[in-house]
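I have placed the structure first, in the form of structure tokens, so that the comments after it can refer back to it.
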Amino acid sequence: MKIFEKAPAKLNLGLDIKGRCDDGYHELAMIMVSIDLNDYVTISELKEDCIVIDSDSSKMPLNNDNDVFKAADIIKNQYGINKGVHIRLEKSIPVCAGLGGGSTDAAATIRALNRLWNLQMDYDEMVAIGFKIGSDVPYCLGGGCSLVLGKGEIVKPLPTLRPCWIVLVKPDFGISTKSIFRDIDCKSISRVDIDLLKSAILSSDYQLMVKSMGNSLEDITITKNPVISTIKERMLNSGADVALMTGSGPTVFSMCSTEKKADRVFNSMKGFCKEVYKVRLLR
């Protein structure tokens, strides 16, 4: 039997660093959405007690450094599963891009193994496993428009956003999330008013929403990679309603209220970077 799961990418409409916790991790406040740029995870059972991963992408590890492997390993150990599993990853989401590719693949693996082995895990049990892997995995288990708090383990659904078009631009380099978080100075970092952004979403005020969007990590990443600032400026000059880095970068996204605007932004970026995508929000 094969189990198929779609693994959509995520964007951070807002990312605020509230402070550093005693354990060295950071307290976060984020608003995230899912987009129709997807990886696909296919899982089948093996008689031999092992975890085998293969992929159509050469840009990711296929061993225990992969978040998908970690998800399967945790579940096998936690539930005493002595059977093996083969996991096939079909990648469309760029790697090390701030789009949650590894996290959404891990979340899809958790959902798939829950079905394959009839584990009957509820949402909270899956979140507990996901949080052991990474701070974005709990969100990726459910996706949609959500407020994410704590270290990523608290996920509160928000209303679906009005339809809009999104253009993604991924520069030709990746970013290590850990390296960006190591450079955070909580006293001087720029802050984002997540409460205002949340209010704009709750009131369906698109103009206030785009004005309220922000990312506390953006300045840190731009200092090391100024091309991100150039991409943002180019998008805005082409008519984007807002241009913002997602996650720890380097991907920049723009939101556009009409497809005509999105096409202008897309065409202006197509020759500037190799990886440019026009996508929609998942509803």
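Including glycine, each Cβ sits where the backbone N, Cα and C put it.
According to Swiss-Prot, the protein carries these features:
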| type | residues | note |
| --- | --- | --- |
| ACT_SITE | LYS10 | active site |
| ACT_SITE | ASP136 | active site |
| BINDING | PRO94, VAL95, CYS96, ALA97, GLY98, LEU99, GLY100, GLY101, GLY102, SER103, THR104 | ATP binding site |
Alpha-carbon spacing, GLY100 (ATP binding site) to ASP136 (active site), which is rounded to whole Å: 7
Neighbours of PRO94, VAL95, CYS96, ALA97, GLY98, LEU99, GLY100, GLY101, GLY102, SER103, THR104 excl. site residues, C-beta within 8 Å of centre, ATP: ALA9, ILE93, GLY247
GLY98 (ATP binding site) to LYS10 (active site) - Cα separation in whole Å: 8
C-beta crowding around GLY100 (ATP binding site), within 10 angstroms: 29
THR104 (ATP binding site) to ASP136 (active site) - Cα separation in whole Å: 8
Euclidean distance between Cα atoms of GLY102 (ATP binding site) and ASP136 (active site), Å: 9
Helix, strand or coil at THR104 (ATP binding site) [DSSP, three-state]: helix
DSSP-derived structure type at LYS10 (active site), helix or strand or else coil: strand
Local Cβ density at GLY102 (ATP binding site) - other Cβ atoms counted within 10 Å: 27
Residue pair PRO94 (ATP binding site), LYS10 (active site) - Cα distance, angstrom, rounded: 12
